[in-house]
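Below is one structure, written out as structure tokens, with a few remarks after it.
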Amino acid sequence: MTEKSAELVRLNELKAFVSTKAGVKGLVDTKITEVPRIFHIPSSSTLSNNKPSDIFGLNLTVPIIDLGDGNTSAARNVLVSKIKEAAENWGFFQVINHGIPLTVLKDIKQGVRRFHEEDPEVKKQYFATDFNTRFAYNTNFDIHYSSPMNWKDSFTCYTCPQDPLKPEEIPLACRDVVIEYSKHVMELGGLLFQLLSEALGLDSEILKNMDCLKGLLMLCHYYPPCPQPDLTLGISKHTDNSFITILLQDQIGGLQVLHQDSWVDVTPVPGALVISIGDFMQLITNDKFLSMEHRVRANRDGPRISVACFVSSGVFPNSTVYGPIKELLSDENPAKYRDITIPEYTVGYLASIFDGKSHLSKFRI
């Protein structure tokens, strides 16, 4: 089969799959025993590409930080130091004692699962391929770019405080808890921005005053069990187009971050939330804080549930301009990026990350 004919076959298979609007769960419900070709990672890829240092006992672990430890001035300084080290060296860390009740964490995971396990005809009412739709269900929003497809279904929900969704726009299966959880996440986002601001050696309100906390996109994933997990990925490697991402994952696991050229498991910690530095944060901090590639491995167990909340100023019409923070610049540390708007950055983001290229690098001076 020629390369051209193989691509035509792939596109036809992709079109047939998307037209069902049943997602990956729909495939699994048919009791398939093999992963369709449109999900296969290239044969040249490997899921076990850790370096020897990882194999011979380096024991890399993503930092776990207790946000309840900053009750005194001295303790706050220690907490900020831990945040700084994690943001600079890992771009990832987990937080405990973050203020969101465990019951709310449980409820949002249950709500996400309820929606994805709804009658397919109910879910189809929310099916959309436009990432800008305020509430949308799909299997891979990046179907025009992503090859191969990822082994997951998702729904997105924009819960911007300035332009919130009307309750009736959210499916009943997850309506109340989406609204409740987004409020808690925005409060936590405010605290994290204070800590990150202080970690930069700046006023604690600088990130908030830059309007970095105006928007919230919830991306709620459902990873069905996979019969051949070594042939595909839950999510391909990528970075996030956010300032920070606040992620809730269940206990199944599969999330990995690239650190020192090794894929490191972000092992689930009961009650914890995963915080990752996004591309916008790396840009405005002039590479002081790092947005790191991460991915999700497919798993025979499942379904796996995760809720990723992208804290940003939103992708809808927004003229706010962002560039490296002036207080961080000097003759020895000049600006490494040009000023941009969030919508400008978002254009082409999906095409870049799933092509294995850094979108952020396109804006370097």
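Any Cβ shown, glycine's included, is placed from N, Cα and C.
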Can you pick which of His116, His184, His294 Swiss-Prot lists for the same Fe cation site as His238, Asp240?
-> His294
Between the Cα atoms of His238 (Fe cation binding site) and Arg304 (2-oxoglutarate binding site), find the distance and write it as a whole number of Å.
-> 19
Could you tell me which of these binding-site residues, His238, His294, Arg304, has the fewest other Cβ atoms within 10 Å of its Cβ?
-> His238
Any idea what the Cα distance is from Asp240 (Fe cation binding site) over to Arg304 (2-oxoglutarate binding site), rounded to a whole Å?
-> 20
Could you tell me the C-alpha distance between Arg304 (2-oxoglutarate binding site) and His294 (Fe cation binding site) in angstrom, no decimals?
-> 17
What three-state secondary structure does DSSP assign to Asp240 (Fe cation binding site)?
-> coil
Secondary structure of His294 (Fe cation binding site) (DSSP, helix/strand/coil) | strand
